[in-house]
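Peer 1: Quick one: this structure, given as structure tokens, is what I'll be asking you about.
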Amino acid sequence: MVAFTYLAVAAAAISRSLAAPAPNDLPDFEMGPHNMVRRQDYNQNYKTGGNVNFSPNSNGYSVTFSGAGDFVVGKGWKKGTDRNITFTGSTQQTSGTVLVSVYGWTKNPLVEYYVQEYTSNGKGSAQGQKLGTLESDGSTYEIWKHQQVNQPSISGTTTFWQYISNRVDKRPNSGTVTMANHFAAWKAAGLNLGSHDYQVLATEGWGNAGGNSKYTLST
């Protein structure tokens, strides 16, 4: 899965005004019995099991994790526009699958999207149908789309599309993500976004994931 907010490794999740976040701007999700329960603050914090110790701060976050079943944590902004996102830090993986992405959601249509900068297994959340590639920020990205059926989302348990750009050259440390390039490439491939809800830089893991991340963000 793959549900995450307020990026700091994955995701200052995408397309909204990336100005300094204000308290209570971003949604924070916890698992409920049937969907993700929304709380109002500006940190992504989704976890289903294992040990995940998430520490957000004013311009980034750190997280250590072990035995994690599925989690997404990060730092970002609420609605905004497609600006460049610069991250500085590092991620180390000791077990399971771990990725760092710019991560976000849109509504109407409901879409969960990723620009994967680092994937421990080379693929991360990329699955479904590969639609092509784009060149951006010094690397090739593969473009994928995948339908999630009856899965947790920011609108409750439902069916929605995932759009994924997967960087071929892994970048776990520092770099800049030009989000406008990904939005344009997705549109050219027939992948339509809706109204942007939030975006974050996020760290995500599953499958008994272990490791750590620490990032600082700027736009």
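Cβ atoms are placed via backbone N, Cα and C, with glycine included.
Straight from TrEMBL, here's the annotation block:
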- 1-19: signal peptide (SIGNAL)
- 25-217: domain 'GH11' (DOMAIN)
- Glu112: active site, nucleophile (ACT_SITE)
- Glu204: active site, proton donor (ACT_SITE)
Peer 1: Pick out which of the active-site residues Glu112, Glu204 has the most other Cβ atoms within 10 Å of its own Cβ.
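Peer 2: Of Glu112, Glu204, the one with the most crowded Cβ is Glu204.
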Peer 1: At the level of the C-alpha atoms, what whole-angstrom distance separates the residue listed as 'active site, nucleophile' and the residue listed as 'active site, proton donor'?
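Peer 2: Cα to Cα, the residue listed as 'active site, nucleophile' and the residue listed as 'active site, proton donor' are separated by 14 Å.
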